[in-house]
Amino acid sequence: MAVANTTKTSWRLQEIVAHSSSVACLALGKNSGRLLATGGEDCRVNIWAVSKPNCIMSLTGHNNPVECVKFNNSEEQVVAGSQSGSLRVWDLEAAKILRTLMGHKANICSLDFHPFGEYLASGSMDTNIKLWDVRRKGCVFRYKGHTQAVRCLAFSPDGKWLASASDDSTIKLWDLTAGKMITEFTAHTGAINIIQFHPNEYLLASGSSDRTIKLWDLEKFKMIGSSEGEMGPVRCLAFNLDGCCLYSGAVDSLRVYGWEPDRCFDVVPVGWGKVEDLAICNHQLIGVSYNLANVSSYVVDLTRVKKSGSVIQGVIQDDQPLTEPSPKGSTLRRNYDRPLTTCSTQRVKQSSESDRRSPEGERRSPSSEDEKESSAEIRNPEDYKEIFQPKSAISRTPPKSEPFPAPLEDGESLLSTITLICCVCVYKMCCCPEFHITSPFCCFVLGDDEALAQIRKGHDTMCVMLTSRHKNLDTIRAVWGSGDVKTSLDSAVSMKDLSIVVDILNIVNLKPSLWKLDLCTSILPQIEELLQSKYESYVQTGCTSLKLILKRFWPLISDTLTAPPSVGVDITREERHQKCKACYKQLKNLSDVVKNKADQVGRHGSAFKELQLLMAPLDY
């Protein structure tokens, strides 16, 4: 067969073992697209040059897992937030700690640097947003209003506004000068994972776990578009550099959207799994994801992606012409006014001195987090000097380089090397619905004959397990067709196979409207098993289900159990009271499990801490 000469639209660039334990977060440098920061459960922040195998610098100082990282715009500084709620800012050029900021009461979930001033915003699971003056090492303002974890923060390009997105399904827009909320957007029905300002126009994009992307006009403060083509939660968003389209990263796919009218220009399959961050450079989009201790980077050639023209999905039909784009320099909305220099005289609303010294922690006494000395260990001096200490340069600019070369479409033989999954991983993949294998410790490379012989050894066992699971799912599907979700779930429970329960819950969790009080009484005992499972995805599914139950039904349960007795006989009320009583008892049992696991490190510890906060009213 002839080897094709055409190049691929997307490909994997690299996979690295980034930490000695699981990776908990990562971030790309958006200016260059060539720097990567990773935070791990080993409490370190590691700095990498994208496509190079060795760590440039390892930053220490946190005593708890690092849960969030972010570069500033010039990529000269990086900030990391920990599970304990502390922040540390490092100067990468000087290779030293710049600031330690204390004040949040729970995990740091989101970070962003002000585009011009020396300010930093942080959002936490404690529902608060804090604005920090990095030079003065203090919190200058606190924004309150969200009722759940703040998952994303973004400063507007002109530096006047701060947008925040939360698990409470709302987006809030804050005026930094006035120190108050401007407006709130509430059209999403699920947790909001990402928000992104248009680079030029007064326009904001948001992506949610409800599998939609929404666009908001920031002059009229109204929604102007909603795209619903995603097959799973929207994890990342990035506007094209000229603002002509919006890229959406979800599990194993990239979509290209337009608006006014809503339309999808292209869908690109990308094998990045649960992509965590995107950056654009040299007409290429870089996407990064992590699994356990591994980090993978992927490249999409944007010159081969449709950004206009024919529409493959949306409200526009193929036989209808699209609206012609506006002439260059002409937009439907205002453009941001940016300062002419990088030094901004803009002032932000600051808290009073008494508020900054309040017991709530902006200047609280040093804790165990402060006892560990922070350091920046340079692991790769050559790369460090090349990137952070360029010769003959007055002011450092982020590393620029040529586009990453694309591999040939069919340039390699499929059987030249085969990555073989070990028997343990095969078993986990069969039993665990979301198990993905990327760790080099689970795989090894063999020649063709030996690899095929090894694969055949586990083939029969794997077929038996998959056949049994397929049969059970067919049974559930038949019941599901009747529209009775509870009966479907009860059938799954009766099969005594947690993997089937997980499959059903993964569907129901995406549609909160399917949840009823009857469903809670059936699933809460199963959640207890899931939370104590050895499989990561089982624990994750159990946490998600319990979180949904607490959000949707705890007010009803509490009100029902505390209401005075009714006069006369009310059968419906009595039935509801019995169900609420049963749910309360099960939730009390689960609260002990959650409390015991809240001290774990890593993503599960973070999830259990959030559940512990949600379950606090059970103790009153």
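Keep in mind that glycine also has a Cβ here, set from the backbone N, Cα and C atoms.
Per TrEMBL, the features are:
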- 16-58: repeat 'WD' (REPEAT)
- 32-184: domain 'EML-like second beta-propeller' (DOMAIN)
- 59-100: repeat 'WD' (REPEAT)
- 101-142: repeat 'WD' (REPEAT)
- 143-184: repeat 'WD' (REPEAT)
- 185-226: repeat 'WD' (REPEAT)
- 316-408: region 'Disordered' (REGION)
- 350-388: compositional bias 'Basic and acidic residues' (COMPBIAS)
- 457-615: domain 'Katanin p80 subunit C-terminal' (DOMAIN)
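Long-range contacts of the repeat 'WD' (16-58) within its own chain (CB-CB distance under 8 A, at least 6 residues past either end) are made by residues 64-71, 73-75, 78, 80, 82, 90, 92, 95, 276-282, 284, 286, 288, 290-295, 297, 376-380, 383-384, 387, 398-401, 404, 440, 601-603. With DSSP classes pooled into helix, strand and coil, the tally for the repeat 'WD' (185-226) is 0 helix, 24 strand, 18 coil. Here the repeat 'WD' (101-142) is broken down by DSSP into helix, strand and coil counts: 0 helix, 23 strand, 19 coil.
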